[in-house]
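As recorded in TrEMBL, the features of this protein are as follows:
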- 1-248: domain 'Sugar phosphate transporter' (DOMAIN)
- 72-96: transmembrane segment (TRANSMEM)
- 108-126: transmembrane segment (TRANSMEM)
- 138-156: transmembrane segment (TRANSMEM)
- 176-197: transmembrane segment (TRANSMEM)
- 204-222: transmembrane segment (TRANSMEM)
- 228-251: transmembrane segment (TRANSMEM)
- 259-279: region 'Disordered' (REGION)
Amino acid sequence: MVSTVVVLTISRKLGYVSFPSLQKDTFKRIWPLPLIFAGNMMTGLGGTQQLSLPMLTVLRRFSILMTMMAEYYILGITASCSVQLSVYMMIFGALVAASEDLAFNLQGYMYISLNNVLTASNGVYLKKKLDAKDLGKNGLLFYNSLFMIPVALIIAAASGDLHKAWEFQQWSDIGFLSQFMGSCFMGFVLSYSTLLCTQYNSPLTTTIVGCLKNIAVTYLGMVIGGDYIFSVTNFIGLNISVAGSLVYTWVTFREKGTKKPEANVDEKPLLTKEKESPA
């Protein structure tokens, strides 16, 4: 969050980006994104800590269904039958992959369930704020991070994480610092790319892209090891879910290709020239 504020502030000073200055009603205009962002961050980290990578990937797929429902109730967007079938295919694959889970972890499941709800809410409300064109994408990202810094500090202090960070022994290690700063900057890149994806696509597409990222990490875990224990059922379920994502991509591009731009009767051709009246 600090890196986002710093990068956007410097970019604004240099004239690369622009967004409105802080005003009395800025927090009201951006609400409830900071709250959703904080909850999404905490539940995501909590679920990652409690669950194995394959199970985390499987349960995160349910955020796709929740995003589709949130689009309908908040944005008034009704998904086509083809899109709904592809989403149900992803969920079916997730259920197959999770069917052999023997390591029941109620706390981890609660974290991920809340994270799914907050992921769907974040995508939909972000799209709603972007469509309003109130603060712009840079303003949304800047003020969302700015308002979350004191909240995150309070949470970190209350949980004891801030004290652990203060006592960390490698703050003077150049190698660690360079990697840590690089990680912070890549966090800004991830947030900015997610924002752009939401601006140019639907929240449902953004959520599916995020879940595909998790599946790619799981496939990588099959190669390099880690906490991944290979299961045929889990592997089949993941591939069914990926197939559903491919079907969704095909359906989405096909629907975009068949939509024709509406003619605007008030719009004049750009290259026409009015005839001069005879003298």
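Yeah, the Cβs are placed from backbone N, Cα and C, and that goes for glycine too.
When the stretches 72-96, 108-126, 176-197, 228-251 are ranked by Cβ pairs under 8 Å to the transmembrane segment (138-156), first place goes to 176-197.
In this chain, the transmembrane segment (72-96) lies in contact with the transmembrane segment (228-251); the count of Cβ pairs under 8 Å, excluding pairs fewer than 6 apart in sequence, is at least 3. Here the transmembrane segment (176-197) has Cβ contacts under 8 Å with residues 2-4, 7, 126, 130, 137, 140-141, 145, 170, 205-206, 209-210 of the same chain, all six or more residues outside its ends. Mean pLDDT for the domain 'Sugar phosphate transporter' (1-248) in the predicted structure: 80.
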